[in-house]
Amino acid sequence: MKNFIFTSESVSEGHPDKMADQISDTVLDEILKHDPSGRVACETFVTTGLVLVGGEITTSTYVDIEQIVRSKIQEIGYNNPNYGFDGSCCAVISSIMKQSPDIAMGVDNANDDEIGAGDQGMVFGYACNETDSLMPAPIYYAHLLMRRQAYLRKQNVLPWLRPDAKSQVTLRYENNKPVAIDAVVLSTQHHPEIQQKDLIEAVIEEIIKPTLPSSWLNKDTKYLINPTGRFVIGGPVADCGLTGRKIIVDSYGGMARHGGGCFSGKDPTKIDRSAAYMARYIAKNVVGAGLADRCEIQISYAIGVAAPVSVYTETFGTSKLSNEQITKLITQHFDMRPGKIIKHLALRTPCYQKTASYGHFGREDADFTWEKLDKVDILK
């Protein structure tokens, strides 16, 4: 592809699926605070008046799941019965079991370096030089729009905003480089009394224009703001939410492939999460070192086995080295065994709830250790 149009979407922290992700990761963080070796596979379901937390957890500590759920929902912004969902009075049900011993025997090991993969599967990591964060521009800016919406809502700058929202950014590419924004779609839940005309003007002037590069906005850019005309009913009242249902929002906005496994609610022995973070770390350092303009990494595993089954690199014709040469460099300088990934990226720290909204990649927070560019020099 040389000249094309590409679209990615993001959703707010008040979107039902993201609420579920955040609850699952908050449970995980609370366990890791007191039991860094805890095994967690936590799934959340949210719907009208109800939150159900289930999964498999093996830990030496106790966590108050009901309190975690209520606190997180209120923090997100569902703290008013008029919104149709209120963290202080919704029902909370938990159904938690221990991790299967058949799975545990594959990942339990006195030598942490030889921890086996918690399951079979493949993961992908991606980086490109379209943005300073080495993320694809469409998903990067879609996330920024949602962060801006949440900021204006929580700071009461636009007091009629409510928690549920979605964004979509369509970019025009020429010679494989983003040159203009073709369209912006932004839907936000709102107070019933706000007029559509005032809402559209405020969203464009207060959310979109301060967030997106002005050089990419022009007279041909299309703005589609709350296209149905009304978005009062939102959150779990309008749609059920489930952990792991926004895997493309969580990753690269469709610009790269995805192994299919979600991230949230999983401790780092689950390669769906830890190896995907490692794959991003590798791809970002490859691009950061100038070895390629775009890089996609695939790593695959077998349950109970520490060493990867395969490692694959694709640079889409943007590297002076062959894909095979880059793969050789990767295997020389990156240890992709789960135990080594956990140790190198410090993945037993309680850092996960902040990953559960606005993307797991391309973030500047120090806890996002997989975003470090500390292997650039040895790859050059």
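Cβ atoms here come from the backbone N, Cα and C positions, even for glycine.
It should be emphasised that the depicted structure is a prediction, and the values quoted were computed from it without experimental measurement.
Cβ neighbours within 10 Å of K246 (ATP binding site), excluding its own Cβ and spanning all shown chains: 25. Sequence annotations record features per position, and here Swiss-Prot assigns ATP binding site to H15, D164, A165, K166, R230, F231, D239, R245, K246, K266 based on sequence analysis.
What Swiss-Prot records for D17 is Mg(2+) binding site. According to DSSP, D17 (Mg(2+) binding site) sits within a helical segment. Taking a C-beta cut-off of under 8 angstroms and a sequence separation of 6 or more, D17 (Mg(2+) binding site) has the following same-chain neighbours: V11, G241, L242, T243, R245, K246.
What Swiss-Prot records for E43 is K(+) binding site. In three-state terms derived from DSSP, E43 (K(+) binding site) belongs to an extended strand segment. Its Cβ taken as reference, E43 (K(+) binding site) is surrounded by 21 other Cβ atoms within 10 Å in the chains shown.
Mapped onto three states, the DSSP output places D239 (ATP binding site) in coil. Here the Cβ of D239 (ATP binding site) has 16 other Cβ atoms within 10 Å, regardless of which shown protein chain they belong to. Residues or ranges marked as L-methionine binding site in Swiss-Prot: E56, Q99, D239, K270.
Residues or ranges marked as region 'Flexible loop' by Swiss-Prot on the basis of sequence analysis: 99-109.
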Alpha-carbon spacing, R230 (ATP binding site) to E43 (K(+) binding site), which is rounded to whole Å: 31
Nearest of the binding-site residues (H15, E43, A165, D239) to E56 (L-methionine binding site) - Cα to Cα: E43
Distance from K270 (L-methionine binding site) back to H15 (ATP binding site), taken between C-alpha atoms, in Å: 25
Lowest local Cβ density among R230, K270, which the record lists as binding-site residues, within 10 Å: R230
ATP site span - longest C-alpha distance across H15, D164, A165, K166, R230, F231, D239, R245, K246, K266, in Å: 36
Neighbouring C-beta atoms (10 Å sphere around the C-beta of H15 (ATP binding site)): 27
Position of peak Cβ density within 10 Å, selected from the binding-site residues E56, A165: A165
